[in-house]
Amino acid sequence: MSSSEGKIISVIGSGLIGRSWAMVFMSGGYRVKVYDNKPGQAARAIQDVRKQLEELQEAHMLRGDLSASEQLALLSSHDDLPQALEGAFFVQECVFEEVEAKQGVFQAVESLVGEDVILSSSTSCLLPSNVFARVQNRKRCIISHPVNPPYYVRLVELVPHPEMLPGVMDITFALMTSVGQAPVRLKKEIDGFALNRLQYAIIAESWRLVQVGAVPPAVRQSNYRLIIVGDKPMYCGEVRLACCLVKSKQHRWLSVKTASRPLDGVISVRDIDLVMSEGLGMRYAFIGPMETMHLNAPEGLEDYLKRYREGMRRVLTTFGPVPEFSGEAAERINKEMCEMIPPDHQNLSAKRERRDQLLMGLANLKK
């Protein structure tokens with residue numbers, strides 16, 4: 001008998017992430033109960049899961065040792081929460097990313113399950129201390145943050161609640177490993193966790209390079225954070241100065257005497273994506289940034305730091321402020337992206353399907 005046989009996992013929420021988690025857990029042989037508070041929604045989700053599993057099996061891309069029909073036999077849909085939770089040892093919440101909604105779910109779930117049932121949330125960046133604020137017994141609370149789409153991208157971030165018992169992390173880590181995911185343990189909670197902090201750093205610098213480029217040397221070297229164009233404040237990196245600057249040490253801003261104009265972007269939307277997909281992404285699919293440094297110098301990481309430390313620090317000082325991700329820049333970037341991939345359902349669905357197929361192929365390569 002396998003360690004998963006007969007064990008039940010409850011998935012709360014039948015959207016994209018909930019359906020994906022159900023498929024992942026079933027691939028490992030677990031019985032899965034899917035619940036949705038909208039009548040009939042969970043049943044419709046199962047029909048979608050059935051279609052996906054059959055297509056994956058036909059393409060020889062189905063995960064696990066069980067056939068599609070054997071996996072589907074492990075799946076059930078529920079409109080009744082107590083029924084959906086009955087017998088479960090692990091609850092995976094997958095409702096929309098709104099803290100009060102998640103708090104309400106866990107408050108209701110806690111009243112219906114035993115003390116030893118693990119409560120896990122799929123939140124992508126909400127802190128465990130906030131998500132589980134209404135739970136009384138927070139010793140069994142953990143974040144299991146998947147990467148979209150979870151069936152094809154196997155990383156799971158495990159983020160502990162400050163009151164969580166160490167054994168909960170161990171059980172969750174073992175569960176995720178048993179179903180073929182690649183869990184990583186965060187030692188404590190932090191806003192954005194690890195993946196999104198890295199992702200947002202890449203997005204922010206990509207946005208800055210497309211939007212306005214680097215910070216002008218005159219501003220960067222002055223160490224002043226703000227410039228005033230007329231009566232309008234602008235952060236460094238938003239304007240090119242073609243004038244002399246009047247410094248005010250008392251107020252730490254720079255007054256611009258003559259007109260300024262926006263910086264031209266350094267690179268296009270298409271090309272910044274190629275920098276990742278045909279450059280960094282090629283190696284980051286197999287090794288991370290720390291190992292990349294270790295392998296990119298003849299004598300390893302220490303040698304790399306000796307060679308490139310100063311250059312890295314110099315470049316990092318030229319990074320601009322956090323973008324607003326709105327306004328004229330957002331309109332221009334969105335326009336360029338939509339010219340590349342029209343945002344209609346047919347085009348977006350085709351691109352997502354291609355993404356998923358390539359991700360599955362990549363996952364197979366990494367076995």
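In case you wondered, yes, glycine gets a Cβ from its N, Cα and C as well.
Positions annotated as domain '3-hydroxyacyl-CoA dehydrogenase NAD binding' by TrEMBL: 9-188.
TrEMBL lists 264-314 with the feature domain '3-hydroxyacyl-CoA dehydrogenase C-terminal'.
Around His145 (site 'Important for catalytic activity'), the C-beta neighbours below 8 angstroms that are at least 6 residues distant in the chain are Ser122, Thr123, Ser124, Val156, Glu157, Leu158, Val159, Phe193, Leu195. What TrEMBL records for His145 is site 'Important for catalytic activity'.
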Residue distribution over DSSP helix, strand and coil in the domain '3-hydroxyacyl-CoA dehydrogenase C-terminal' (264-314): 37 helix, 0 strand, 14 coil
Whole-number mean of pLDDT values that fall within the domain '3-hydroxyacyl-CoA dehydrogenase C-terminal' (264-314): 95
